[in-house]
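Written out below as structure tokens is the structure these notes cover.
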Amino acid sequence: MKNTLVCKIDKDNIDMEKIKEFANILKNGGTVIFPTETVYGLGANALDEEASKKIYEAKGRPSDNPLIVHIADKEDVYKLALDVDERAKIVMDKFWPGPLTVVLKKKSIVPSTISGGLDTVAIRMPSHPIALSLIKESGVAVAAPSANISGRPSPTDEENVLEEMNKRVDGIILGGNCNIGLESTVLDLTGDIPMILRPGGVTLEDLEKTLGKVEIDPAILEKNENIIAKAPGMKYTHYSPKASLCIVFGKKENVIDKINFLVDEGTKKGQKIGVMCIDENVSKYKGEVIGLGENLGEVAFNLFKVLREMDKRNVDIIYSESFDKIGIGQAIMNRLSKAAGYKFIQA
Ligand code: AMP
Ligand code: MG
């Protein structure tokens, strides 16, 4: 158990004295949780092997799963990566600071502990003002995966971050809700054609407009034992609530009928059944119904929080509606399918 320094910081009126305290923890090899625009991150000095090992310990994360290195100045990419080509410069100019991570060949200064033994490194410049001031003030590049116990949904709000991580790290900055709610897009630029290894806040459509042809790692589109995901993290069970989750897809009316039928069946067996749906359908379902939002942006923002809320309500089974894989929908369906362990029911 660690003695964790916990402090609220207002992102619109940043208290630099407090930021300095947390930056010192990072400088001295400690771990600090801080808000970003995607999800809360659990950071440590990326170039200090001992410090980054503490991240894996705090999360219980497998050590072959590499970490994203966060920087506060675009120019820092050149300190960490080799072969920063024209495509990298274009996407960095267009999407940084923001929810895009680029994978590039790494320089030897990046320890293999944080790159999971790969010869590449994943780098992102976040746009959240607290993240940027903390990284800048610490003067180090900050490795920061999502601040959850490995396998659990990523925390996107203060309450969940505290519940899960208090006493596991040296510092926690509480800075309100993360406004995107899903992790960054991971874009591999080491091959001839840019490839999305993890869909996220920057969409395929956005990237294609900027770069032309962009591929999606086939392993993230479906569960197929024969395809190995290029982003090591994508192979693990992830984002899982305690209840068993299942996605029901098909025509809208059929989905509603099917889910209500399944709720009835479960209830008869004495089970507590949760339902996750778009807000306009909330009144159409039986069971413990939670609306995910009015549109895909809101669904992304609420998804992890609702999965955690279902845990708090102690449901046994959750049925979720399915969403179109358009724009941020691609990332939503990726996280939802993984959280469900790829359990689908056709209505
Ligand atoms: P998280 O740190 O929880 O946001 O997860 C980071 C994601 O980026 C995981 O899916 C990692 O496997 C992936 N990732 C990090 N570094 C690399 C890399 N060098 N090559 C490929 N994927 C990476
Ligand atoms: Mg994560």
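Think of each number as a place in line: the chain as shown, counted from 1.
Cβ coordinates come from backbone N, Cα and C, glycine included.
Positions annotated as L-threonine binding site by TrEMBL: THR38, HIS70, ARG124, SER184. A strand conformation is recorded for HIS70 (L-threonine binding site) in the three-state DSSP classification. All protein chains included, HIS70 (L-threonine binding site) registers 28 other Cβ atoms within 10 Å of its own Cβ.
Positions annotated as ATP binding site by TrEMBL: ARG61, ASN65, THR120, ALA144, SER146, SER154, ARG198, TYR239. Under DSSP, ASN65 (ATP binding site) is assigned to coil, being neither helix nor strand in the three-state scheme.
Positions annotated as domain 'YrdC-like' by TrEMBL: 16-202.
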> Given ARG61 (ATP binding site) and HIS70 (L-threonine binding site), what distance in Å do their CA atoms have, once rounded to a whole number?
Replying inline: 18
> Relative to the Cα of HIS70 (L-threonine binding site), which of the binding-site residues ALA144, SER146, SER154, TYR239 has the closest Cα?
Replying inline: ALA144
> Among all the protein chains here, how many other CB atoms are within 10 A of the CB of ASN65 (ATP binding site)?
Replying inline: 17
> Out of THR38, ARG124, SER184, which of these binding-site residues is nearest SER154 (ATP binding site) by C-alpha distance?
Replying inline: THR38
> Out of ARG61, ARG124, ARG198, which has the highest number of nearby Cβ atoms, where nearby means within 10 Å of its Cβ, if these are the binding-site residues?
Replying inline: ARG124
> Of ALA144, SER146, TYR239, listed as binding-site residues, which ones have a Cβ less than 6 Å away from ligand 1?
Replying inline: SER146
> Can you list the residues of the same chain, besides THR38, HIS70, ARG124, SER184, whose Cβ falls within 8 Å of the L-threonine site's Cβ centroid?
Replying inline: THR36, GLY41, ILE68, PRO99, LEU100, THR101, MET125, PRO126, ALA144, GLU183
